[in-house]
Amino acid sequence: DECCAIPFCAKIFPGRCP
């Protein structure tokens with residue numbers, strides 16, 4: 001998901017990135 005491409009987003013929502 002596009003969140004995973006954004007470092008701060010991936011840190012806030014770690015479960016979204018495989």
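Cβ atoms are placed via backbone N, Cα and C, with glycine included.
Small disclaimer: the values here were computed from a predicted structure and weren't measured.
Each of Cys3, Cys17 is a candidate, yet Swiss-Prot gives the disulfide link of Cys9 to Cys3.
Applying an 8 A CB threshold to same-chain residues 6+ apart, the list for Cys3 (disulfide bond) reads Cys9, Ala10, Phe13, Arg16, Cys17.
For Cys17 (disulfide bond), the count of additional Cβ atoms within 10 Å of its Cβ stands at 12 [all protein chains shown].
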